[in-house]
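As recorded in TrEMBL:
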{"type": "DOMAIN", "residues": "B:8-287", "note": "domain 'FAD/NAD(P)-binding'"}
{"type": "DOMAIN", "residues": "B:321-391", "note": "domain 'NADH-rubredoxin oxidoreductase C-terminal'"}
{"type": "DOMAIN", "residues": "B:423-471", "note": "domain 'BFD-like [2Fe-2S]-binding'"}
{"type": "DOMAIN", "residues": "B:559-620", "note": "domain 'Nitrite/Sulfite reductase ferredoxin-like'"}
{"type": "DOMAIN", "residues": "B:631-756", "note": "domain 'Nitrite/sulphite reductase 4Fe-4S'"}
{"type": "BINDING", "residues": "B:Cys640, B:Cys646, B:Cys680, B:Cys684", "note": "[4Fe-4S] cluster binding site"}
{"type": "BINDING", "residues": "B:Cys684", "note": "siroheme binding site"}
Amino acid sequence: METTTAVAWLPVCHTTDIPADGGACALVEGEQVAIFNFARRGEWFATQNLCPHKQQMALARGMIGSTGETCEPKVACPFHKRTFSLRTGECLNGDECSIQTYPIKVEGDVVYIGLA
Amino acid sequence: MVPQHVPTVVVIGNGMVGYKFCEKLLAKTSVFKLVVFGEEPRVAYDRVHLSEYFGGKTADDLLMAPLQWYHDHGVVLHLGDPVLEIDRASQTVHSRSGLIQPYDYLVLATGSSAFVPDIPGVEKEGVMVYRTIEDLEEIKASAATARSGAVLGGGLLGLEAAKALLDLGVPETHVVEFAPRLMPRQIDAAGSQMLQTKLEALGLQIHLSKATSSIAGEGKIEALHFGDGSILEVDMLVISAGIRPRDELAKLAGLEVGMRGGIVVNNEMQTSDPRIFAIGECALHGGMIYGLVAPGYDMAEVVASQLTQGTRAFTGYDMSSKLKLIGVDVASFGDPFIAEPHSRSIVFEDAHNGVYKRINISPDGKLLLGGVLIGDAEAYNMLLQTVNNKIALPPHPEDLILGARGAEAAEGAGVLSLPDDALVCSCEAVTKGAICAAVTDLNVTSLDAMKKCNKAGTGCGGCIPMVKDLINGTLTAQGAYIKNVLCEHFDYSRQELFDLLRINDIRTYDAALNHFGKGDGCETCKPAIGSILSGLWNDLIVKHNTIQDTNDRYLANIQKGGSYSVVPRIAGGEVTPEQLMVIGRVAHKYGLYTKITGGQRIDMFGAHVSDLPDIWEELINAGFESGHAYGKSLRTVKSCVGSTWCRFGLHDSVSFAIEIENRYKGIRSPHKLKSGVSGCVRECAEAQAKDFGIIATEKGWNLFVCGNGGSKPQHAQLLATDIDKDTVVKYLDRFLMFYIKTADPLMRTATWLNKMEGGLAYLKNVVINDSLGICAELEAEMALLIQNYHCEWKEVVENPELRKQFTHFVNAPKVKDPTMEFEEMRGQKMVKAW
């Protein structure tokens, strides 16, 4: 079910700050947010930077990719390769842990993160 | 309007079985309101893998499900609030905090507590049990200072506890057992003897037939006194003498309990009050307490079924088990003890390798009844299935434990020959039929996907090899051709892709994916293609940084906590006093922990990502380059001091090592490469444990290849004898290039040679006799790689765009990761444990 809670859009960085088909971490209202420029798909994603497996601030440094028939976009933690859906935050290795995702949009050359 | 009554199920106990009951009931229906009372302050966690808490797992890793799960599923959870009374007349339970909760059905999953025998002195400080996370924390604290520790009880849990003490570094660890052998309930005398020999070799001291009469010490434990008058001095004691069912609440409520404890239940898991059920280690079924998790899960399933008008019943449980005790496989299945005249046994004993196997077969030789495996339990799953499914034995049943010794393979159809109702995953009750149907009907083709689909393999994990075999076997049976492919995005092997990218002049990952792949790539194919591109063109790795593993992306080694370590190149291990001072200055300035590595280098740990370019700049200005302690590339060429100083040395091994290290540095390969050069046959550089090793002889050098240290050590093999330096280099160019072009991703040279058809003889023919006619090509390709070498760190230092990427926060480049925490140890900084 889609809920339409109003989000506040905060400008966070420029599009050129995030490497193509890679990620970087931004400080947003004291939170560490991983921002991914999925250039190959022309999509942007944002998740928490913390990998819940070993509590490491590392997801922004992970490799991104896709899996399955539906080409689910995903990120792999650089520490032990737990992978998470960039859309839903669900852990794709069958673990119970999942990560938070954030609304993200690009206007001009500015990247915005939506906070509830 | 009268509100509709929502039937309420109250669960007392939030352990593994209590949690599993909630999960199973919720999977069947949502008509019940579920209320759970737990005594511990934590949500249910995995007690089976408790010892992994010592191995670095955190309490959170062990959770059955996070707190959020209970909220998401509408389960009301009261933690740290034990139920004190059950009022059966009013159908309510009363908790310590004063809650009065009505129930329609009540499930007792109160588990068990550690059984503590009544030995004088048992209350002394330093005497502990092994049961909860809190117990483990206490053990951990005691072990830090203990010189000698003992475990009371040589059963399954006792040996687990002994392993924990070994892992915690207690210098002397003893196991004290009352019975004349270890694990008396699971394995026979001969098996126990073999297990004991193996455990003693690992440093455990084992004392059998010992009745502990008292625990001596002034307030704190100092020694154990035994009935035979002997004394054992210890600073700590972990009691693991069995379990005692938690039935006090049931007893108080007037439910029937067993003479020696346990809440009496029928096949429906009902207690003497039909509205009240008991499951797990607190339940007494047919005179038995089941102290394993799998039967507990089965009981949970029975109650969930009963509450939803199902007909599942509990009719006892197979207590077969397999585990790895301190690195030794131990398994027992079916009836391990049955003997003449009810069965005949086949026994295999190999004292040299510490392997004992016994199978018990029916007198007519048709059926397998049970057995014991020590030291090698690979056959466990198949043997257990053979017992449970009453599969007819082959004409030579000894093949089951000895393997086929003739020309024919004994494996037959293996797991695929099992009947569909054979239980493969007993923790989650998943049958062979369910696994195969998931492959054929739901297109589940990987282990991860199977775990998500039906939870097979998510419990103890023992069935994972069978699940994998079933997936691959079913796919093969369907006609799917199981090919050696990189991953779901590329239907080619690494070697095929190497040729395809070369012939088609492909120079980027995206181009490779567009031409030969599908989807958007992943963490497997990206670094593999990165390695191939490097092996072909040796382009700067930083130009392709988002397809690299994190160490190759940041040109340093990521460590716990997210900091990096820097290892300056010290070719051959030769370093000047001035260079040592530079390293000292840099480490001091950036607050880095320093340690000498195993490869004759100095490692500096704890660098913030934003400091890396500054550190490299200072090193480069002082004539260093940072080095590859990361990357699938040449690490170090270790050397002994050789003929320049050593009175035994035949040739100058240091100069040769430096030459070799500088020749191949920076070249990417399928896996890491290590090397060594020794100046004489004494072999101080340990060259025969390396991917390539060179040893001086009277007449020249001997060249060894494909050795390996690490988890599966393997000696390098002699490729050529008494050759001169130029020939060594020529053969090495050919050998390394051949490896780079043909190995699978992450395959070391040793494995590569082991899998090579024709083995060393074939490799010699290719590299020395040019049997494939490719040597000129290999040499030219290697020359190109060497010529294209660039200092990748210098590239970052001099390129502002690249340098900008070395920050933790892209929008606050000066802020370092505030979550990174360090503590002090022996005068240096140390990262906090995870």
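Including glycine, each Cβ sits where the backbone N, Cα and C put it.
TrEMBL labels come from automatic prediction, so no person has curated them.
The model shown is predicted, which means the values in this text are computed figures rather than measured ones.
Classification of B:Cys640 ([4Fe-4S] cluster binding site) by DSSP places it in coil, neither helical nor stranded. Here the binding-site residues are B:Cys640, B:Cys680, B:Cys684, and the one ringed by the most other CB atoms within 10 angstroms is B:Cys640. Those residues of the chain, other than B:Cys640, B:Cys646, B:Cys680, B:Cys684, with a C-beta within 8 angstroms of the mean position of the [4Fe-4S] cluster site C-beta atoms are B:Val641, B:Gly642, B:Phe648, B:Gly649, B:Ser653, B:Ser678, B:Gly679, B:Arg682, B:Glu683, B:Ala685. Non-local contacts of B:Cys646 ([4Fe-4S] cluster binding site) by the CB criterion (under 8 A, 6+ apart in sequence, same chain) comprise B:Cys640, B:Gly679, B:Cys680. When DSSP labels each residue, the domain 'Nitrite/Sulfite reductase ferredoxin-like' (B:559-620) comes out as 31 helix, 14 strand, 17 coil, counted as helix, strand and coil in that order.
The domain 'Nitrite/sulphite reductase 4Fe-4S' (B:631-756) scores a mean pLDDT of 94 in the predicted structure. DSSP gives B:Cys646 ([4Fe-4S] cluster binding site) a coil state; it is part of no helix or strand. Reduced to three states, the DSSP call for B:Cys684 ([4Fe-4S] cluster binding site) is coil. Residue counts for the domain 'BFD-like [2Fe-2S]-binding' (B:423-471) under DSSP, split into helix (H, G, I), strand (E, B) and coil, are 27 helix, 5 strand, 17 coil.
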